[in-house]
Every structure is written in structure tokens, then in C-alpha cells.
Amino acid sequence: MKIWEELILNPEEKKTKEKVRNSRNTLEHGTDPVLKSRVFIADHGLLFPTSFLNSACARPRERSLLLLSPLLVLLSSMELQRRPDQCLPERKGQKRKLEEDSDDISAPPSADARHALLSDVKEQVSLLDSTFSWTESDRSAAKRATHALADLAKNEDVVNVIVDGGAIPALVKHLQAPPLSETDRLQRPLPFEHEVEKGSAFALGLLAVKPEHQQLIVDSGALKHLVDLLKRHKNGLTSRAINSLIRRAADAITNLAHENSSIKTRVRMEGGIPPLVHLLEFADTKVQRAAAGALRTLAFKNDENKNQIVECNALPTLILMLRSEDAAIHYEAVGVIGNLVHSSPNIKKEVLLAGALQPVIGLLSSCCSESQREAALLLGQFAATDSDCKVHIVQRGAVRPLIEMLQSSDVQLKEMSAFALGRLAQDTHNQAGIAHNGGLMPLLKLLDSKNGSLQHNAAFALYGLADNEDNVSDFIRVGGIQRLQDGEFIVQATKDCVAKTLKRLEEKIHGRVLNHLLYLMRVSEKAFQRRVALALAHLCSADDQRKIFIDHHGLELLMGLLGSYNPKQQLDGAVALCKLANKTMTLSPVDAAPPSPTPQVYLGEQYVNNATLSDVTFLVEGKRFYAHRICLLASSDAFRAMFDGGYREKEARDIEIPNIRWEVFELMMRFIYTGSVDITLDIAQDLLRAADQYLLEGLKRLSEYTIAQDISLENVSSMYELSEAFNAISLRHTCILFILEHFDKLCGKPGHSNLIQHIIPEIQNYFVKALAKANSNIQL
């Protein structure tokens, strides 16, 4: 071959051929059965240049191998037509967590291509049916046919065509060796011994991509033959061909049983589990891995299979495999153990008694992220109910690597680590240990994840950590309260979990925890002091508000945040103050209309603007309004000063009112005579002005109440100015609470910053009085 390569191949073709040859060793010794199967096709010419195929220098044997069937030409064409990112199917392994679904979809063959493909499949099937003997020509032809079908079956879009072409019975037939004649018995070595069976097992494994194909293969009798192939080494012979055959048989069983509970049971009934367990101790590591992969699949959600695997004494060997430096070996081993333990408490006990705990913890530091993920999941299962085991896992060094895994770029690795920490955090001492080792911040960061499962596992772990009083200050130190409050959670269960975490933290704010926080609020750096004040505003009880915010100056810290020019700090301060206000009072200042004061003289509706017994007349907009001094004197200090003081109105019979409209004055007088009045929004501000002018506090409060119903994002600034102009305290306080409650929506509006700086003193005065009043009410 070297000679004609030098003579015929151009430099570019030589480079291609050399690349194929160099990669062949890697493929032959690699782990991917699909890639390894390509060696046959590469060596038989699909990568050879067309110039060589058509040259006279190509010997008949090479040309026959290269052009042995239109099937290979069609296969090569289909490979070229596949999308560049189309991946070859991997050997199926039962994962206990869902993998991300691939979006790769290759186009199915056209009608013409399907017809041609079906014809060639039938040709290969016919070849298999007619070559069941030990003659070298038959074995060679059968090997080529199985390899051709296997290579074609790598494309899932044409698997149905292969099955329709009758490939399954033919391949199943070749899972067993042909009968030996007397002549054959004398022939050693036998031609292509084990090779045809290996190719058939490989092809059948690739065809088992659909449940109906799995069942068809099993119904054709494949399982018995595959189990027999697992025992080929027992005749005392070992070779690379036998090792490869056994591996292909184990892989085929894995694929046939994948997510198929009935076939898992059939494998056990055919006696497949004992030889697979025996193969865990096989010298060839690839065989070990294939056997473990099959056991992993067979153990998943099948209690009878689990029990038989354990009864066959698989645990000691599996635990030894956990300690293997070969990542592929310990990955499969931890997968088998994980599936055995899942929903099987008795087996879990046996696994722990067999010494699995420390090796599994060791896998948290594996170079293989999938092994780390499986180990974390398994530790979470170990810690599910056994409190002692929770403690032992932490004592043996699991916490630090689990926390490191929280910061991985692998979403599933973070998910499993959070899951394990959540289970470990159900123990009081573990809660403190996880927080002490830096677990809080990574878990809080995972609340920002867009993966619902990861987010929920992190939330559950935080719920556990919140149960320990020693962790409360750490939650506050790293800003955990704000993260829990501000997070956007995907599923309702996570929202509920976060709410329970905040409630759990709230219940801890008393006694030594509160005293510790007050100490920190006094001596820590300013940023931490503010975080403590913010957290306490949300979490403290009403009984402790004065102590925290007046006596220990927490209010000053919140006001400092509100007065900051940092938008986030301003918003945090406003939200905290709003929460504090809601705890301080059950109603806002003007949530309900105030009761009217009882007048000293009540004349009644009939005397409003009635000349009967009238002793004073007001001139409003040129019209007379009849009134009674006795009623006016009792209503306010302004009228008393008017009639009893040294003003000219004292003796006047007619008094002119120059600055009030008639309808406003009439309503004001109606309130004086009856103690109540209906105020509409269009007249409320004028009535407030009149009530302030004549010191009618009851009417003023009613006017404020009506005006307050109209406060909005657009007018709150002008409403606050109105409250200042007429000393409308209730309206002013309502504006303050509205601004705090809607701070996030107001912050982008013009003049907002100036407004906040202007009203900060009034906000502080409001809270000082409100907290003092609330504390007095509590003491009473």
C-alpha cells in the first residue's frame, strides 16, 4: 500500500490518507463505538481519492473493497448532505437527570433516495442470509454487510428503512457463530472469528432507537444470543476481538433496555445480569465500562433488577471502580450505584455499609463534571432521611467541593450541588458549617438563574440555612434579604419556599439575634450598618421598632439611603421605609374620612342661609348669605376673633367675603351648621383653602381625604406643595407614603430628585412621631 500511495496520491491526498491512518489508532483505542466503527469504512476506501479508484494502479482487491456496493456510495453521499453540526448518535446510557434535548434534525431521505436505500439494504440482508458458514468468503462478505448496515444505521433518519428492509432477523441470526463442520474444526484460526457477531451486535444496538424497534429485536431472539456473547471469554481465550465483541454485546443490551421496562425485565429473565456483574472485574477497562453502563440502565426504576445486581455481589467491585483514576470508569460506577440507591432505602444502607461514602465524596473533585454531578446527586440521596449520614458527609469533607461546584459553568452540576447542600442543610450544625465555608453567597446568586430546577434547589438550601440563628447576620451581611425579596422566581414552589425563608428569618429577630444585629448596626462599617437597618425594617416586630429605629438610630441610616444619589440605595431605603410605615399603622393617615367634631351649637340644615333669627350677613360674589353669630363663634377661632376681637367685622351687620366663591362658601357654612358635608373632587381644593383660612379643622380633614383619593404619579409633587401651602398634615403624610410606595415609578420623572431632597426632613419627622405613637399604643 505504501508504494502505490507514493506513486499515485497527490500531496493533498497523501495528507488526507496520513490523517486517516494517524486517527485510526485513536479510533481503535477510543471509547466511542460510533467513531470506532468508522475505521472499517475509512480503511476500505470511502476516504480514498477518486483519481485512485479510477486509475489502473488500483488492484482488483482494493477496487472491490472500495466499490463493493452502491450502498456505500449512497451512504457517503448522505453523510456529505448531512448538516455540518449533525452529531453521530451516542451510545445510550441511562441518565438519572434529563439531558438537554438536541435541536439537530437532519432531513429524511427523499423518495428516490429511500427507494435506492431500501434496495441496497435488501441486498445486504440477502448477503447475510446466504453467508452463514465458516468459509472465508462467506465470513468476509457477512462482516462487510454488518459493517455497512451499522454505518448506515448511525443516521437515525434511515433506521426505519433498514428495519423495513428486513435487516433485524438477518443481523440477529449472525449474533451466533455458524455451525462448525468437521473441516472447520481443523481450521485454526477461524476466519473473522467474533468479527461478524460483533458487527451484528453493533448494528442492532444502533437500530434500537425506537421502542418498537427495541421490541422487534427482542422478539427476534436477540437477547439470548447477546447474553451468550457476554460469556465468550469463559472458554479461556482472550483477545482484542473477544473484548470488542463483549463490549458491543453489552452496549446493545444497554440500548435495547433504554427506557424500556419490559425489556429490562427480559434481560434479567434471560440471565443477563450475572455475566454483566462478572464483567465488572474484566481486565479490559472498556469492557468494564460497557458492563457498568448496561447495569446502570437495567437498574433504573426496576426493583427486581436492582436486587439481583446486589445479590450478585456487585457492590464491592463497583465501590472499587469509584476509586479508579479513569474518569469513564468511575462515572459509570457512580451511575450504577445512584440508580441502585434511588427509591431503595435498603440498598442505600447496603451501599453505605459497603464503604461507598468516602469514594463518592472523593468524586466531587473528579476531573469529569458528569461524575461530579452524579456524586453530588448520590450524596443528596444518602442524606435524604438519615441524620447521622448528613453529619458524616460533612465531616468527611463534602461541603467545600460542593460549594465550589455551585460556581461551575455547568448548570446541571450546580443544580445537583445545590440539591445535595439542601439535603445537608437540614441538620443544625451543617447549616452553620455551610454558611461558615462560604455557601451563602453562591446559593443566593443562583436565585438569579433562569433554570427553574436550579433556582428551586438553591432556594430550598437557603431555606435550610435560615433555620440557624448563627446564620442570620451572614444572610444580612451578604445582602441576602434583598436578594430574596427582589428575586424573580419561575415556579410557584420556589416563590413559596422563598416566602417561608423570609418568614423563618423574621421569626429569628429577637433575643440574642436582635442584640447581635443592633451591635453590628452600631460598630460595623457604614455599608453593613445600612444592610442591617434595611433588613430589620422588613423583619423586625412592631414591638421592637422604636428600640431599633429611634433608640439605636436605625431611622437615620434609612434616611441616609433615601437621601443618597445612588438610585439603588434610594429605592432600597424607600421600600424599607414603606414597610416600616405599614407595620407602624393599620391605616394610612387619611384612609378613611375622619369623624366630624361635635359642634358646641348645632342649628341644623334648616338654618343654613336662613334669614330667620339671622344676626349677620355675608356678601359673597354680590349675594347675601344669612348666618348666626352663635353658630359661627362655636365653630372656629377665626370666627371668634372676627366677632369678639378688635376687627371691624365685630359690629358690622354685613361682612364682605372677597376671596371665596359662592358654592365654596355655602358648603363651608353647611359644614358649620350640620357638622358634615359631601365634597366633590372639583371643589375640594378650594374648600381646603377656605377651611385653612377659617381654621375649620374638621372640614379641612374632609377636604384632605377627598383630595387624597386623586393622588397620582403625575400630580403627587403638586399635591405635596398644596399640603405645604395650607398646612394639610394628613394630605402631606399621604403624599409621603405614596412617594415611598411608588418610588420605583417616580424616580425617572423630572424633578423627582429635588422633591426627595426637599421632603426628607418631613419624612423623618413623620416616622419619629409615628414610631413614638405606635410604641405608646403598644405599651397601653
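Cβ coordinates are placed from backbone N, Cα and C, and glycine is handled just like the others.
Just so you know, TrEMBL annotations are computer predictions that nobody has curated.
Of the given residue ranges 7-32, 85-110, TrEMBL assigns the label region 'Disordered' to 85-110. Within the same chain, residues 31, 93-96, 277, 280-281, 285, 288-289, 292-293, 295-296, 299-301, 303, 306-307, 362-363, 366-368, 370-371, 374-375, 377-378, 381-382, 385, 389 sit at least 6 positions outside the repeat 'ARM' (313-355) and bring their C-beta atoms closer than 8 Å to a C-beta of that stretch.
Using a Cβ-Cβ cut-off under 8 Å and counting only residues 6 or more beyond its ends in the same chain, the repeat 'ARM' (397-439) has close neighbours at 97, 361, 364-365, 369, 372-374, 376-377, 379-380, 383-384, 387, 390-391, 446, 449, 451, 453-454, 457-458, 460-461, 463-465, 467-468, 470-471, 474.
Here the repeat 'ARM' (271-306) has Cβ contacts under 8 Å with residues 31, 91-94, 96, 223, 226-227, 230-231, 233, 238, 243, 246-247, 250-251, 253-254, 257-258, 261, 264-265, 312-314, 317-318, 321, 326, 328-329, 332-333, 335-336, 339-340, 342-344, 347 of the same chain, all six or more residues outside its ends. Note on the repeat 'ARM' (271-306): DSSP counts are 26 helix, 0 strand, 10 coil. In this model, the repeat 'ARM' (166-222) carries an average pLDDT of 91. In terms of DSSP helix, strand and coil, the repeat 'ARM' (438-480) has 33 helix, 0 strand, 10 coil.
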